[in-house]
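J.: Next up is a structure, given as structure tokens.
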Amino acid sequence: MKLFKVKIYLNPLFLVVIILFSVTQLLAEGLILFFVVMFHEFGHIVVAKILGYDIEKVEILPVGGVAVINQPLEFNSRDEWFIALAGPFNNLIMIFICFIFKSHLNYFTVILNANLILFLFNLLPAFPLDGGRVLRAYLSNKTSLSQANKFAVLMGFFCGILLLGISIYSFFYANEYSVYLLVLSSFIIIASRKEYTRATYSSFNLSFQKKACPKRGEVSSSKVIMAHYDSLVYKVAKELNSTNTSLVIVIDDNGQIVDLITEYLVIEAVNRGMGNLTIKKLVF
């Protein structure tokens, strides 16, 4: 299936949820959930397209979707912020429409609850949910991209564990949402663990186009990093910021400045597999 020339795939977890709804004679509710999730993901796709991103494919999950974009969003916190919030914003639009046509909707409560749950659930600061992506985008402007990534992913893991506990507890009380919560919590835990491994190296895959150098006559702000010349290159790379260009001041044992290098030299070294070299060997 395609939407705006973007390939749409159904994750097996979503199929499991639909089957569970069908078995419990709630197939109509399951189909409504599918269309609500599609409308949620439609918001992400439209905003990403407006911002100039090419989306290769979208995988539909019970909590939304995972888009494969041609450029990592974590390197542009502003764009990640807008794209992440577009999905929940679409749910708000749907909630508003529901109240307008309340008297004409046979499944008003189901549609309203599906949008409300998807809206609130996705705003949890738990990666890979939209709220977790917003958290990462915010933190990447305050600290290094590596630290922002890891914090957002760890929040996702702990939220997944918490939801897993809630789902197990509600299961013993025959709560109708217990199985759904179990599926969602399992997805968050698995996805956050997978992302944690990727996040360790994400700051090393920076694009050289992510921040343009000032042109002639222009001025731009920079982040300053101070590193001893025996520091390893990959440790310096972890301190790079996602928005400002970084300058690295290299000092010796006496605290004297011996060199000044740009982040591009550090990025290039890491991408060439030289992350375990010392700054001294890289520069001198």
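Cβ atoms are placed via backbone N, Cα and C, with glycine included.
Per TrEMBL, the features are:
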- 219-277: domain 'CBS' (DOMAIN)
- 12-39: transmembrane segment (TRANSMEM)
- 81-101: transmembrane segment (TRANSMEM)
- 107-130: transmembrane segment (TRANSMEM)
- 151-171: transmembrane segment (TRANSMEM)
J.: What residues in the same chain, six or more past the boundaries of the transmembrane segment (107-130), come closer than 8 Å to it by Cβ-Cβ distance?
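T.: Hits for the transmembrane segment (107-130): 28-29, 32-33, 36-37, 40, 63-64, 66, 84-85, 87-88, 91-92, 94-95, 98-99, 136, 152-153, 155-156, 158-160, 184, 188, 191-192, 195.
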J.: Within the domain 'CBS' (219-277), how many residues are helix, strand or coil going by DSSP?
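T.: Looking at the domain 'CBS' (219-277) with DSSP, the answer is 14 helix, 21 strand, 24 coil.
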